[in-house]
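Novice: Straight out of Swiss-Prot:
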type: DISULFID; residues: Cys12-Cys65; note: disulfide bond
type: DISULFID; residues: Cys16-Cys41; note: disulfide bond
type: DISULFID; residues: Cys25-Cys46; note: disulfide bond
type: DISULFID; residues: Cys29-Cys48; note: disulfide bond
type: DOMAIN; residues: 1-66; note: domain 'LCN-type CS-alpha/beta'
type: MOD_RES; residues: Thr66; note: threonine amide
Amino acid sequence: KEGYIVNLSTGCKYECYKLGDNDYCLRECKQQYGKGAGGYCYAFGCWCTHLYEQAVVWPLPKKTCT
């Protein structure tokens, strides 16, 4: 599974500005989804890869970014 890492309290994606390989996104993806996750900056949001199937990613149902 892949997807944008999401802030569960705000419903917003984690923003990034350095597209492609991005240490911040990689670190955040691993922190939220585990050591096996990968991450990079895509379309100014942190995109996480190699997630477990039940991982919660953006957009959150019934919660828009505030």
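Even glycines carry a Cβ here, placed using N, Cα and C.
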Novice: Mind tallying the domain 'LCN-type CS-alpha/beta' (1-66) by DSSP state, helix then strand then coil?
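Specialist: Counting residues per DSSP class in the domain 'LCN-type CS-alpha/beta' (1-66), I get 11 helix, 19 strand, 36 coil.
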Novice: Check the Cα-Cα distances from Cys16 (disulfide bond) to the recorded positions Cys48, Cys65, Thr66 and tell me which is shortest.
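Specialist: Minimum Cα distance from Cys16 (disulfide bond) across Cys48, Cys65, Thr66 lands on Cys48.
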Novice: Looking only at the domain 'LCN-type CS-alpha/beta' (1-66), report the model's average pLDDT.
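Specialist: Summing pLDDT over the domain 'LCN-type CS-alpha/beta' (1-66) and dividing by its length gives 97.
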Novice: Find, for the listed disulfide-bonded residues Cys16, Cys25, Cys29, Cys48, Cys65, the residue with the lowest Cβ contact count at a 10 Å cut-off, counting only other Cβ atoms.
Specialist: Cys65
Novice: Quick one: pull the CA-CA distance for Cys41 (disulfide bond) versus Cys25 (disulfide bond), whole Å only.
Specialist: 6
Novice: Which has the fewest other CB atoms in a 10 Å radius around its CB: Cys12, Cys41, Cys46, the listed disulfide-bonded residues?
Specialist: Cys12
Novice: Check the Cα distances from Cys29 (disulfide bond) to each of the recorded positions Cys12, Cys46, Cys65, Thr66 and keep only the ones within 10 Å.
Specialist: Cys46
Novice: Between C-alpha atoms, which of these recorded positions comes nearest to Cys46 (disulfide bond): Cys12, Cys65, Thr66?
Specialist: Cys12
Novice: Find the one among the recorded positions Cys12, Cys25, Cys65, Thr66 whose C-alpha lies closest to that of Cys48 (disulfide bond).
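Specialist: That would be Cys25, the closest of Cys12, Cys25, Cys65, Thr66 to Cys48 (disulfide bond).
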Novice: If one looks at the chain holding the residue listed as 'threonine amide', which residues at least 6 apart in sequence have a CB under 8 angstroms from its CB?
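Specialist: The residue listed as 'threonine amide' has long-range Cβ partners Thr10, Gly11, Cys12.
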